[in-house]
Amino acid sequence: MTTQRLVGDPVPLGDRRSGRVPVQPANAALDYRRQARARGLRKALLDAVSVLMVVVPVAIFLAQGNAALFTSLAGGLLGLGMLSGLVATALLCQMLLLAARIPFVDDTLGQDRALIRHRKLNTSMISLLIMHALLLLAGYAAQAGTNVVTEFLGLWPVRDFVLAVASMALFAVVGLSSAAAARARLSHEVWWMIHLVSYLAVLVSIPHQFSLGGMFAQGAARWYWAAMFLVAFFCLLCFRVFLPIFNSLDHRLTVTTVEPAGRDAVSISLRGEHMGQLGLRAGQYFGFRFLAPGLWWHEHPFSTSSTVRDDGSFRITVQAAGAGTRALMRVRPGTPVLVEGPYGMFSDRARTREAVVLLGAGSGIGPIRALLESTGIVPGRAMVVLRAAHPGALYLYDEIRALCQARGVRLVTMVGHRARSRGAAAWTSADHAGTHLADLAPWVRDADVYVCGPDGFMDAVLVDARMAGVPGKQLHHERFSW
Ligand SMILES: Cc1cc2nc3c(=O)[nH]c(=O)nc-3n(C[C@H](O)[C@H](O)[C@H](O)COP(=O)(O)OP(=O)(O)OC[C@H]3O[C@@H](n4cnc5c(N)ncnc54)[C@H](O)[C@@H]3O)c2cc1C
């Protein structure tokens, strides 16, 4: 009888003494393609839902006979103002859903791509909200033969209008703090606290949507609009608050060992109860809160650097990047840990092909090691590239070398300063100047490429992979920046 292993199940490490390499099931490539097709379908479904969320309120607007507004200038301004408000609110609810870390969304887009969508929608949403306010005031002014300021002051005594203005002001604060230049100056914690204000901004904007304008005053339209907000807030509470609390209480994770993993990094092993139920895939990440003095008040995302062992333990590898991670170097065994996750598509679940190239630099080496341990490998069609500025930053090198030997994977290490290519910094080291991915793995076009590390390194690898003809859906990356 043969045992069939499903795609994504951990692959045994193999017997290092006999040198036997685990054999990939013959149908693995087929399964990876099937997995990619299923993910493509889920993505199409999500795209359809996001289009529908915009189309439905516009259809309600038209069904209520509002097209007639466009027969006069004042009516046209009011109509456009209403439409921009409707679309802005639909986009806002999509942003809430993308931030809610709904497992279906995470499994389909990955958390970082969901957040990229969230940020892109933010710009359109804020622009539409400003248009909404200005166009409506201009429309009322044109109708009454007054001006925008008179109309604003005339509406000021209306409570729901005041709340709507307050909501705009709060959105402006959040929007400004999210701008790249401002984010670079704010600590992650301060930015996060300001971001919480956006939920208040949404809440105080809700009353005027039902009372002013009359579109959602009654009937099915009212129920649809209310349901949209209820679903968004339910998902946020459920997946961002209750599920993490439940998981942390249920799995009771504690630190078991802390070991050096390089000059400025440690590997922290954690063990929890019935970890199989958590659905963790090697390479995914959690938000961790270590319940020790000086550490409990900040949460940090870290990727797993191993699979889950039979005893319910797994490992993360942490590089000292700032004050919080430096303090973590001294965390003690026995420390309880709260977790939010697992999140992300940087795992076997993103595989689409039987060949694979794994590239890691700095703290990005941790999830690369986890993937190397767990993902399907066809000897001769797999390569690991480790990149470090100095030998002390080749984290987990001995383990990775042993895994590569056991699994028949080619290992390339590049240490030292970055080479330059056509005037720009390349991803390779200076002693590999002019080397491209396609030189190291001529079959890379038909491989999944996973890359994790500093932004500059990842961006240069992604450019090189695209130049080698690797399609976007075969490129997988996890950004450690926020
Ligand atoms: C999805 C993901 C997975 C990660 N996995 C790992 C890993 O496996 N190993 C590892 O060493 N590092 C990992 N990181 C990076 C790690 O989370 C940050 O280096 C750490 O949170 C910095 O905290 P700090 O207080 O030491 O640094 P700070 O002094 O606060 O800042 C140092 C740098 O880290 C950034 N940073 C701070 N807090 C966060 C946060 N909550 N989220 C993201 N960036 C932050 C800051 O913007 C700054 O660039 C990961 C980051 C992300 C987003």
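Just so it is clear, glycine is given a Cβ too, placed from its N, Cα and C backbone atoms.
Since this is a predicted model, take the numbers as computed values, not measurements.
Feature annotations, reproduced from TrEMBL:
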type	residues	note
TRANSMEM	44-65	transmembrane segment
TRANSMEM	77-100	transmembrane segment
TRANSMEM	121-141	transmembrane segment
TRANSMEM	161-183	transmembrane segment
TRANSMEM	190-210	transmembrane segment
TRANSMEM	222-243	transmembrane segment
DOMAIN	248-349	domain 'FAD-binding FR-type'
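Among the stretches 44-65, 77-100, 161-183, 190-210, 222-243, the one making the largest number of Cβ pairs under 8 Å with the transmembrane segment (121-141) is 77-100. The transmembrane segment (161-183) makes no contact with the transmembrane segment (77-100): fewer than 3 of their CB pairs lie within 8 A, with pairs spaced 6 or more apart in sequence. Here the transmembrane segment (44-65) has long-range neighbours at 82-83, 86-87, 89-91, 93-94, 105, 108-109, 215, 221, 224-225, 228, meaning same-chain residues at least 6 beyond its ends whose C-beta is under 8 angstroms from one of its own. The domain 'FAD-binding FR-type' (248-349): residue composition by secondary structure is 16 helix, 43 strand, 43 coil, according to DSSP. Sequence-distant contacts of the transmembrane segment (190-210) (same chain, six or more residues past either end, CB-CB distance under 8 Å): 85, 89, 92, 96, 159-161, 163-164, 166-168, 170-171, 173-174, 177-178, 183, 216-217, 222, 225-226, 229, 236, 482.
Here the domain 'FAD-binding FR-type' (248-349) returns a mean pLDDT of 94 for the predicted model.
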